[in-house]
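Written below as structure tokens is the structure these notes are about.
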Amino acid sequence: MDKFRMIFQFFQSNQESFMNGICGIMALASTQMYSAFDFNCPCLPHYNLAYGLGILLVPPFILFLLGFVLNNNISMLAEEWRRPQGRRGKDPSVLRYMFCSMAQRAMIAPAVWVSVTLLDGKCITCAFCTSVPVQTLGNASHPHLSQGEVQRVLARIPCKDIYNGQQLIANEVAVRYLRCISQALGWCFVLLMTTLAFLVRSLRPCFSQAAFLKSRYWSHYIDIERKLFDETCAEHARSFAKVCIQQFFEGMSTDLVAARCHLPRKAPADAREAAEKLLGITDQSTMNMALKSWHRCKPPLNLHPPALPTGNGWAGEGQPPTHPSAPRRETAAYYSWV
């Protein structure tokens, strides 16, 4: 139990660990889905190819989209890409890093599905059973069979219970031939994915380590900034609601006192604290203006003293930052009586 708790805490440590855990769970879920899937080839010449390739390619595409949907950074990437320029520039390298990072994680579950499907061999057997070389593996000179009839017989190879072409080609021979080809493709796919992952991990620091660190840092900054902004807005909304409710009950208490219903009144201890958290934003229109200003005119990424907001923009734009004046030198004079 302690090990599972440690793993869960590791997944919650940061955004990347959390998304890696989600992708690992999706990869395991894809294998369980394939093992629980009831594969039924239609065994018809014109439907086997569509069914086999559909099972091979459509679920990976759905898992790829699902990986993007479960990634919390997709909304952050879209917001950063579509927001106005404002007072903060948009770095294309940071957006590209965020998209590539999400795409790499979203590709894990589809790659597992394709690998398991190819290694199992049912899809390739169903899709390409009509392409078995009868001249090499069977009896191509079987009489009384036209080309269309041969195709119909070969299409029943995946369905062993209704296959009736043992004189043309043995069912076990055709299935083993197609399964060997499918497993070879599966191992080649696994080797290709492993090689690509190795090259990306090992060669990227050799060429663009500084750019990679910069993009990774600012992508983390955008994520943390968004979380802090949401927390600040939630705290402001809580304080705003608390002050509104307190004012409502104070007004009701005043009305009851005016109606000669004497009730004990006790000032809330946290009223001043809740009012201080409002930061001067005490009505709906001002708050809406602040939210629009954050979206349109995000402050630049520097640590100079902030300019005062005016309207939907910011005051002091284009002016150099003001520096504090130098401390005034004071001189002390000492007098002695002789």
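Yeah, the Cβs are placed from backbone N, Cα and C, and that goes for glycine too.
Under the heading region 'Disordered', TrEMBL lists 310-330.
Outside the transmembrane segment (21-37) by six or more residues, the chain places 10-11, 55, 59, 63, 66-67, 70-71, 105-106, 108-110, 112-113, 116-117, 120 with a CB less than 8 A from a CB of the stretch. Annotation comment: TrEMBL describes 21-37 (among others) as transmembrane segment.
Below 8 angstroms of C-beta separation, residues 15, 19, 22-23, 26, 30, 33, 37, 39, 41-42, 98, 101-102, 105-111, 113-114, 117-118, 122-128, 130, 223 of the same chain, each at least six residues beyond the ends of the transmembrane segment (49-74), sit close to that stretch. The feature transmembrane segment is assigned by TrEMBL to 49-74 (among others).
For 181-200 (among others), the entry in TrEMBL reads transmembrane segment.
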